[in-house]
Amino acid sequence: GPAEPEQFCKAANIDSFVWNKLSVCNKICYAVGGAPYQITGCALGFFLQIYLLDVAQLDPFYASIILFVGRAWDAVTDPTVGFLVSRSPWTRFGRMLPWVVLSTPLAVLSYFLIWFVPPFEEGKVIWYLFFYCIFQTLQTCFHVPYSALTMFISSEQKERDSATAYRMTVEVLGTVLGTAIQGQIVGMATAPCLPGPADIAAGLNSSLSVGLNASAPKTAYMIASGVICIIYVLCAIVLFFGVREKKGETSEPMGFFQGIKLVMGHGPYAKLVMVFLFTSLGFMLLEGNFALFCSSTLGFRNDFQNILLAIMLSATLAIPFWQWFLTRFGKKTAVCAGSLSVVPFMILVVCMKSNLIITYIVSFAAGVGVAAAFLLPWSMLPDVVDDFQVQNPDSTGHEALFYSFYVFFTKFASGVSLGISTLSLDFAGYISRGCSQPEEVAITLKVLVSAAPIGLILIGLVILYWYPITEERRQGNRKLLQELRDEADSETDSTELVNMI
């Protein structure tokens, strides 16, 4: 049974750390499970807006509704799924892993249908909204249990931190893979631009219109989504067969709103969530609008996918540096330094004149900060859960709730950013597939990829200043938790001895 390894360790006088130590293979298999969320999230974040506007040719107002409602619905499902997961019974495969496996088939099907242009105009908005919401719900059923699984792969904080480092690396590789697959396949079949009133007035109608088959972009998006669906399934299989979930504490039954009050009532968690909310909102504004900024404002219509790939490659290469920085200076300092490091490049990219080489250089440099700002806050969450367990030793088994609300605010930020930005483009007069855009669109995009993200990041960092869990407190919590576990083990041994007598 699940308790047998611990009993074996005691009988053989083996240190529990030896049993809880994860192999490199275990860590890699666990980390691979984080790739689907990042691959699909990156593809949707960078390309869904431009796909709805230029390929599906939806009105910007309707596109903003799809993006906002879809992500808002997704955000609502996170605490709901977290609540359900926390009350799920233990099975022989664990409590988290069955959710991952059962949600995968329908998730990949709904993801594929998001990138399919239906052969009708009436009801097209409903089509995209429906499958977008369905996919987000099913992906939540995958990602919330996977995130909470961190607390069940080992009881040792050092091993969990190491596994999280592997996960961070694979997740950044996932963003590279998502950008590369979606960008390169779609980039080979760019949608033909349509001359606007200003272009026609200037007599540039024939020179601007591209003679590419209009159906080619639709096919390219479907091929890219099919490849990503295959990767999604393979990652789920590797996670399921490569990770053993260790049985944790069982939470006492409680209502949904009682669970909300429980996790949000923990001060460090509430502060960390607010930090993540504002910094995520800033970076997701940048992510959601950078492709349009490169293609419409900078004029790199045929190169924007390569610029995005440069950012993601840089972020991948920066992971070892940030892992060293984190261990050397602490998690709080690493998040602050990583978030601030990208600000100068946000300013530079909108102030400089359109130059492809300089844009590549600036984008590559910005990727170093993007890696830290997106991924390092996740490494702080296990510390908050441990802090809660130290302060509430009698309230256990709520890991899924903590992770689900964390994901909730991430997706809420994404929904708000995509909805506001697309609606702003509508007010600015964005022309779908336009060869050129009004000046108001250029100004709006500059605000969305520079001024607004910088302001939000700075607000998040001000809140981070008051985040109370320092490295000293983290180490103290770790020692206290180990003492609590040793005490619980001693009580268990005494009970077993009495029963034997």
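One is the number of the first residue shown, and numbering goes on along the chain from there.
Cβ from N, Cα, C; glycine included.
These features come from TrEMBL:
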type: TRANSMEM; residues: 96-117; note: transmembrane segment
type: TRANSMEM; residues: 129-153; note: transmembrane segment
type: TRANSMEM; residues: 220-243; note: transmembrane segment
type: TRANSMEM; residues: 272-294; note: transmembrane segment
type: TRANSMEM; residues: 306-326; note: transmembrane segment
type: TRANSMEM; residues: 332-350; note: transmembrane segment
type: TRANSMEM; residues: 357-380; note: transmembrane segment
type: TRANSMEM; residues: 400-431; note: transmembrane segment
type: TRANSMEM; residues: 443-467; note: transmembrane segment
Q. Under a Cβ pair cut-off of under 8 Å, which of the recorded stretches 220-243, 272-294, 332-350, 357-380, 400-431 contacts the transmembrane segment (96-117) most often?
A. 220-243
Q. Between the transmembrane segment (306-326) and the transmembrane segment (220-243), are there three or more C-beta pairs closer than 8 Å, counting only pairs 6 or more apart along the chain?
A. no
Q. If you count Cβ pairs under 8 Å, which stretch among 129-153, 272-294, 400-431, 443-467 touches the transmembrane segment (357-380) the most?
A. 272-294
Q.
If I count Cβ-Cβ pairs under 8 A between the transmembrane segment (332-350) and each of 129-153, 272-294, 400-431, 443-467, which range comes out on top?
A. 443-467
**Q.** Top Cβ-contact partner of the transmembrane segment (400-431) among 129-153, 272-294, 443-467 (pairs under 8 Å)
**A.** 272-294
Q: For the transmembrane segment (272-294) and the transmembrane segment (443-467), check the count of CB pairs under 8 Å (sequence separation 6 or more) and say whether it reaches 3 or more.
A: yes
